[in-house]
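S.K.: One structure follows; several queries about it will come next.
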């Protein structure tokens, strides 16, 4: 069933009419200053001139389209159910008709086939969760089953732990599955509240922690220096390729969905922080603005998971046990939606503070400044690189000039300066400390110290090493584990294709398309609005190329298979940048 088309389209027409009449409000990134002034060709920089709004017609609505229903599976002998599903062919966009939320169907059935789903348990079978635990864990005061059945009908409780101990910081988040296609944490897949009777204390900062059974190590890091790495980018294209895309990209796995090495955990592009970052920085695409990116990483702990005999969370355990043995994408897709695509095997916990100074090239040249001067002075203001005086001398800039640069940065919201924007991104710590840093002109030692103290007790997961979720399906817990594992791997391949934003139609003005469920949205750069980012004051904006979706893999030939994609979603025009990355991939087979 499709819903809400008339409402969406009426809203689209009213928004377009409102834009035509000039009643839309575009909030600027600087206090009170609109960010949608026309781009004049004065060395390519953004120069404020009399605005003329573009009223380009919004693209036609695109209706959501689902595939036809698959055939019903055979009746599953253990679940006594059969299944069918549909999948997304085309997402809705630009106020097109939405798809019915139901993309699978299940119905009861009868079969004479025997069910052999039980794994033999030599210990105690938990009443509700079905977990198998050692009998020595009964009546020990811990909820080893996850349903308290191991503590029921006890004449006496023999506690292993005689005193209360704390949970490791962020331990529940580390036990969650993670969707690496969207950089989001999902439901719990591991039980980090299970201790197998272990009660060895682990002291960190005078706090006594209890180590979960699944955890191999949780090592505190004692280095507490706030060192900044400052990097200069002479163009937006370099900044986008080396900074933005690394933060917001969707992982593109080629084979096996393995993650090689420890990697930075990016941000969710449709989150508030992701939208703010993309909107404000993309505003300066195809200008001659210069970028100074500063980054400080504070590590507070390193985490490592055991490599075998893991205790799964009972919710995940039951969901996997309820999967049909005959492959049905709809059921396996729901598991991936609810529990993610991967689980974390190693992690770095801590905080990241970073800011980006966006500088007007013409104003810098008029003031006889270089980006190196700004880098030295911004770093010197925080004491980076030793004595501030030595920093000034080393780069050949006077203390007065550095003072003027800092004044330009601090007064950018009050008057026109060579600083076009200061974009801050903070991860880790409490909301109060994050807010204080995010709205400060530049970080002070006092603010950084307060934030660092908060990060110790509220760390974010900033780097991870991960394995595909199907690696948790082992013969220890599941009958027919090899069949379920292969089904889950196949579903992961289909899921990657179905959730990719390459399915979305191009947004105008270099907007970023985001696929949310079965609907695409455009995240617009500053200076653009509308459902497709079609409303703007700017003219003749170069359009950067974006990739289409990958083709299916070819048949295996000569020990190799290939797939291809095209730079046509959209193709670059008006001097826009070409797509980065390969147009084809080849794998051994």
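Along the chain as shown, the residues are counted starting at 1.
Backbone N, Cα and C atoms are what each Cβ position is placed from, and that goes for glycine too.
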S.K.: If you check Swiss-Prot, which stretch out of 243-250, 251-258, 275-282 is marked transmembrane segment?
M.R.: 251-258
S.K.: Looking at 312-319, 320-327, 328-335, which one does Swiss-Prot call transmembrane segment?
M.R.: 328-335
S.K.: Out of 391-398, 399-406, 407-414, 415-422, let me know the one Swiss-Prot marks transmembrane segment.
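M.R.: In Swiss-Prot, residues 391-398 carry the label transmembrane segment.
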S.K.: Have a look at 362-369, 370-377, 378-385, 426-433 and point to the one annotated transmembrane segment in Swiss-Prot.
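M.R.: Swiss-Prot lists transmembrane segment for residues 378-385.
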S.K.: Work out, from DSSP, the number of helix, strand and coil residues along the region 'Disordered' (570-589).
M.R.: 0 helix, 6 strand, 14 coil
S.K.: Could you state the CA-to-CA distance between residue 132 (disulfide bond) and residue 142 (Ca(2+) binding site) to the nearest Å?
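M.R.: If we compare the Cα positions of residue 132 (disulfide bond) and residue 142 (Ca(2+) binding site), the gap is 15 Å.
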S.K.: Minimum Cβ neighbour count within 10 Å among the disulfide-bonded residues 109, 126: which residue?
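M.R.: Lowest Cβ count within 10 Å among the disulfide-bonded residues (109, 126) is 109.
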S.K.: Nearest to residue 78 (disulfide bond) in three-dimensional space, by Cα, is which of the recorded positions 142, 150, 151, 161, 507?
M.R.: 150
S.K.: Same chain only, sequence gap of 6 or more: which residues have a CB within under 8 Å of the CB of residue 75 (disulfide bond)?
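M.R.: For residue 75 (disulfide bond), the qualifying residues are 81, 82, 109, 110, 111, 113.
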S.K.: Hey, which of the disulfide-bonded residues 139, 154, 377, 504, 533 is the loneliest by Cβ count within 10 Å?
M.R.: 154
S.K.: Counting only residues 6+ away in sequence within the same chain, which have a CB under 8 Å from the CB of residue 144 (Ca(2+) binding site)?
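M.R.: Within the chain, residue 144 (Ca(2+) binding site) has Cβ neighbours under 8 Å at 131, 133, 137, 150, 194, 195, 196, 197.
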